[in-house]
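Working notes, beginning with the structure itself.
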Ligand code: ADP
Ligand code: MG
């Protein structure tokens, strides 16, 4: 998968010049983040980290990832409506993982009361790496699917322009013209707008549920502004605002200080640290409401690592998507080996295998946002410690994907310019809207390429490891 720029990557003078152009182009294009020092204000901003050069991505795998996205949308939507499956799959996890258990309790509570919500909006991002086989061929392997707060669809809507300019500065005009346009922000906004419209109240607003610290606000603004441009009002609120100002009327319409809310778009609420007692109460209020939650609590649960692992069991996809053998085959073709660590013989066996071969696996807890997985020696130590305790059940094991590295420069504010061996992760955004039982929208909405230096086992742009990139199809 050698990129087309192995000739320039070692030309120090050309790289320095291109990097200076690249950084200013990112600022001009709006590839921005608030700074760590001033995360609450936009008075001082900097560019979001990105690669100097677009990274090579095999065209066939890129197309495969797009082609399976509508299937994944269907699958997530089906899981979110399958109480029996969620109950069975998460039964062991919720005994030991308090966060998943609390989400699950809210799920059961809203089901018992009866759902007031009739319109459903899913925005997800299915992430992949390109596994390099013994013979050198690469295969598309899903890392995970994010069903809540999948980010960077906004900022990445601008990275192709930046990389196009960099390639031109480096004399690669032909290659620059081949970079694909990409605008996930527009696709996400389209889904939100559709859900808003089906909710059916002109006066109602879209509420972005945001974090206390909003460093990545510009990423969200891209989606927000698309909505304003469609004359849909947007408000930004935190859980704590919902606790203080939120209420339901008799038909469980959601109001914030008297203003009706049609859609709640979560960009928060996916890790335990997002919740104190008040925030849990706010979450319950939102879930009980008639407002379209993106995602509703069932869809958030559908995105857990435990569900992902159970999907890989023979026969599970067929049960969840009856009568759709082609979709099942496309989905399954992207799966890496996934293993349950539930108590019993199956779990004992795979735990022993992983302890003996820690570099073949990744150990994953039920967490999101990067920086939680365990690899190598650490994986071995932790598994040895918990292998005979029920705590084991809160993790899953996954085959480690081994992509072919390529040279690139990771541009980060206040960091020296140096060449790194890098690997990339491709995400495809999916958007769907369901009204009652009818799926009225089901689309792939664009892509995100994130690249990191090989010395980091884990990823994540927000976690400070990966940076934004643009695929160059080869
Ligand atoms: P999170 O919910 O924290 O984003 P992920 O499953 O996406 O969890 O894992 C975080 C990062 O760890 C990924 O972005 C990727 O860089 C790395 N990673 C995860 N699973 C694997 C795997 N099976 N093989 C290699 N790297 C992996
Ligand atoms: Mg991830």
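The backbone N, Cα and C atoms fix where each Cβ goes, glycine too.
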Candidates 345, 346, 368, the one TrEMBL lists with 144, 146 as binding Mg(2+): 368
Remaining residues near the recorded Mg(2+) site, that is with C-beta within 8 Å of the centroid of the site residues 144, 146, 368: 125, 127, 145, 147, 148, 150, 270, 303, 369
For the domain 'Glutathione synthase substrate-binding' (204-302), the number of residues DSSP places in helix, strand and coil: 41 helix, 26 strand, 32 coil
Among 270, 375 [binding-site residues], residue with fewest other Cβ within 10 Å: 375
Set of same-chain residues at least 6 away whose C-beta sits under 8 angstroms from residue 149 (substrate binding site): 266, 267, 268, 269, 270, 368
Candidate nearest residue 375 (ATP binding site) in space, where candidates are the binding-site residues 151, 220, 461 and distance is Cα-Cα: 461
Rounded distance in angstrom between the Cα atoms of residue 371 (ATP binding site) and residue 461 (substrate binding site): 11
